[in-house]
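K.L.:
Quick one: structure below, then a few questions.
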Amino acid sequence: GKEIPGQASLVFDVVLLDLHNPKDGIAIENQLVPESCERRSQTGDFLRYHYNGTLLDGTLFDSSYSRNRTYDTYVGKGYVIAGMDEGLLGVCTGEKRRIIIPPHLGYGEEGRGKIPGSAVLVFDIHVVDFHNPSDSVGITVNYKPSNCTVLSKKGDYLKYHYNASLLDGTLLDSTHSLGKTYNIVLGSGQVVVGMDMGLQDMCVGERRTVVIPPHLGYGEDGVEGEVPGSAVLVFDIELLELVSGLPEGYMFVWNGEVSPNLFEEIDQNHDGEVLLEEFSEYIQTQVDTGKGKLAPGFDFEKIVKNMFTNQDRDGNGKVTAEEFKLKDQEAKEEHDEL
């Protein structure tokens with residue numbers, strides 16, 4: 001044509017950017033594999049990882065580190081490009097690997113954004129953690145006292161120390177740094193479901209590690225500024241104190257025989273009506289003298305007010321002898337009163 005004369009010798013200065021064969025699969029280079037690898041990722045797992053994405057010549061096109069958050073996805077399910085979907089299978093938590101992806105398993109002939117068409121992609125990944133939606137809480141007992149007969153159960157009041165971290169060891173929180181224990185009523189919804197499960201059947205002095213998947217922890221949202229979304233949590237726990245709770249549905253029980261003249265004892269001014277103040281004073285006396293027991297870990301005033309309200313059938317702020325019945329006299333009804 002007009003630009004290249006006939007019979008001309010041509011000189012091309014070439015820089016090879018990349019090459020691949022349509023038959024190529026992905027290539028994996030292991031850079032760091034943790035010594036302890038109890039489990040490897042498989043199809044259906046939800047994985048959180050960091051990555052740097054480059055072309056074969058080293059040109060950076062994307063990085064999760066620059067966004068200061070992991071990339072989170074199910075693996076083996078087609079949520080990411082085919083090469084990455086395959087390359088994320090069989091990894092350990094904490095593993096670092098390089099995944100080289102040919103274009104037919106990446107973004108193809110058209111490319112995407114900063115990625116040219118038909119480009120070979122290189123991803124250097126660091127696996128932060130992964131879990132499966134079917135996972136339950138993992139419990140490892142690190143120490144159990146020789147005398148371990150009283151075990152924690154729903155309704156018990158527990159005092160414990162904990163260190164909370166991510167699977168990569170990043171410390172999130174610790175009661176030791178605060179200088180005080182964490183106190184809850186087990187099974188009352190005061191902690192995440194996974195922690196309620198992890199604290200079951202412990203004895204005082206026991207130490208255990210509880211691993212909580214996000215669907216039993218803080219979920220996809222996490223806690224802003226504290227817990228990343230979809231994070232697996234690790235709690236190292238030591239149970240320091242256990243106060244046995246009451247049977248389910250009860251906020252107060254008698255430790256001995258119940259007085260046959262109970263209403264008269266509460267109604268100290270003998271006017272045939274019991275006010276909240278009289279009721280509260282009476283319950284406090286029974287607890288102080290050991291004749292009765294309140295559910296541990298709850299606010300005294302709230303419990304007593306709830307008990308009083310259950311007795312006050314007409315809601316007029318007074319309990320009469322007619323309204324007053326013992327719980328065991330009401331087999332067909334459910335009340336948390338005396």
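Cβ atoms are placed via backbone N, Cα and C, with glycine included.
Quick paste of what TrEMBL says about this protein:
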DOMAIN    44-131  domain 'PPIase FKBP-type'
DOMAIN    155-243  domain 'PPIase FKBP-type'
DOMAIN    254-289  domain 'EF-hand'
DOMAIN    299-334  domain 'EF-hand'
REGION    311-338  region 'Disordered'
K.L.:
Any idea what the model's mean pLDDT is for the domain 'EF-hand' (299-334)?
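P.N.:
Per the prediction, mean pLDDT sits at 75 for the domain 'EF-hand' (299-334).
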K.L.:
Provide the three-state DSSP residue tally for the domain 'PPIase FKBP-type' (155-243): helix first, then strand, then coil.
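P.N.:
In the domain 'PPIase FKBP-type' (155-243), the DSSP-based counts are 13 helix, 37 strand, 39 coil.
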K.L.:
Using DSSP, how many residues in the domain 'EF-hand' (254-289) fall into helix, strand and coil?
P.N.:
18 helix, 3 strand, 15 coil
K.L.:
Pull the DSSP breakdown for the domain 'PPIase FKBP-type' (44-131) and write it out as helix, strand, coil residue counts.
P.N.:
12 helix, 37 strand, 39 coil
